[in-house]
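A.B. asks: Okay, these came from TrEMBL:
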- 20-43: transmembrane segment (TRANSMEM)
- 55-74: transmembrane segment (TRANSMEM)
- 94-115: transmembrane segment (TRANSMEM)
- 127-146: transmembrane segment (TRANSMEM)
- 152-171: transmembrane segment (TRANSMEM)
- 183-205: transmembrane segment (TRANSMEM)
- 217-240: transmembrane segment (TRANSMEM)
- 252-270: transmembrane segment (TRANSMEM)
Amino acid sequence: MVGFPPFIQEFFLDPICNYSGYNFVNTLTYGIILIGIAFYLVFPFFNKRGIRFDFRFGLAVLAFVLFGSTLRILEDLKILGRSCNPFEPGFLTVTPGIYVAVGLLAIAALIFSIWLAKKIKQETIKVFGAIGTLLAAPFVLFDFIQFVAWQYFTAIIILTAVAVGISYLIAKKIRPQLVTDRLNLLAVAGQALDGSATFIATQFLNCGEQHPLSEAILGVFPAAFILVKVALALLIIYYVDKEVKDKNMAGFIKVFIIIMGFAPGIRDAFTVGVGTCF
């Protein structure tokens with residue numbers, strides 16, 4: 001492999017090579033880069049072009065999240081190779097490479113959708129959602145065919161639904177405005193799915209948590225992980241609704257939360273389903 005500085009090798013490439021996952025250094029670095037690109041490049045670009053970051057956009061972008069997460073499963077199944085060398089194709093099948101690849105694809109698809117929608121006199125969001133659905137469908141179907149642990153996958157879905165339902169009832173009593181916006185519920189659902197999938201995978205199967213902070217919470221009180229994820233999502237949403245005056249920026253922040261919840265949540269749920277946690 002091409003020689004890299006020891007710091008890069010130790011904190012960014014070795015965790016990919018040895019399956020150790022995340023550490024505080026690469027987590028913080030990825031987070032800063034992601035937030036910078038999302039809020040200082042992506043949002044201004046599409047905001048100027050009239051893209052509304054609302055519930056319909058949230059559903060459309062979920063198709064791309066589903067595509068990326070189910071594609072990632074092919075590496076778990078050893079169908080696709082992996083590499084910790086950024087200059088090799090296998091780097092794009094694992095984190096962070098796959099996030100970069102799918103993110104760029106989604107951005108390109110949205111730009112193309114804006115152009116095509118004008119040509120065919122259709123709504124941009126419908127074109128964008130259709131492209132994502134066409135990309136995701138084959139991989140979702142293929143992964144489902146590989147499932148050997150439907151009972152655990154179903155348990156994740158049920159646990160997610162229960163967490164969202166309880167959150168809805170509590171929020172409706174305390175702060176009804178939190179749950180009147182469907183985009184808010186979608187954001188909560190994403191975090192609930194991530195928490196539920198992680199809980200099932202780590203407590204009932206043999207998968208380990210790769211994020212250091214999440215691992216610490218799971219080590220103290222596993223069931224609290226779902227609560228922490230959902231509560232944090234609700235707190236951020238509450239703050240955004242109260243303090244962010246630009247409604248489209250508020251919607252973009254919620255879409256960001258949706259992606260950050262559903263991307264690992266779907267991946268973990270499908271990982272459980274195909275049996276790689278046994």
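Glycine residues also receive a Cβ, built from the backbone N, Cα and C atoms like all the rest.
Keep in mind that what you see is a predicted model, and the values were worked out from it rather than measured.
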A.B. asks: Examine the transmembrane segment (183-205) against the transmembrane segment (252-270) and state whether at least 3 Cβ pairs sit under 8 A, considering only residue pairs 6 or more apart.
C.D. replies: yes
A.B. asks: Hey, which of 20-43, 94-115, 217-240 has the most Cβ-Cβ pairs under 8 Å against the transmembrane segment (55-74)?
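C.D. replies: The stretch with the most close Cβ contacts to the transmembrane segment (55-74) is 94-115.
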A.B. asks: Contact between the transmembrane segment (217-240) and the transmembrane segment (127-146) is defined here as three or more C-beta pairs under 8 Å separated by at least 6 residues; is that satisfied?
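C.D. replies: No, these stretches are not in contact.
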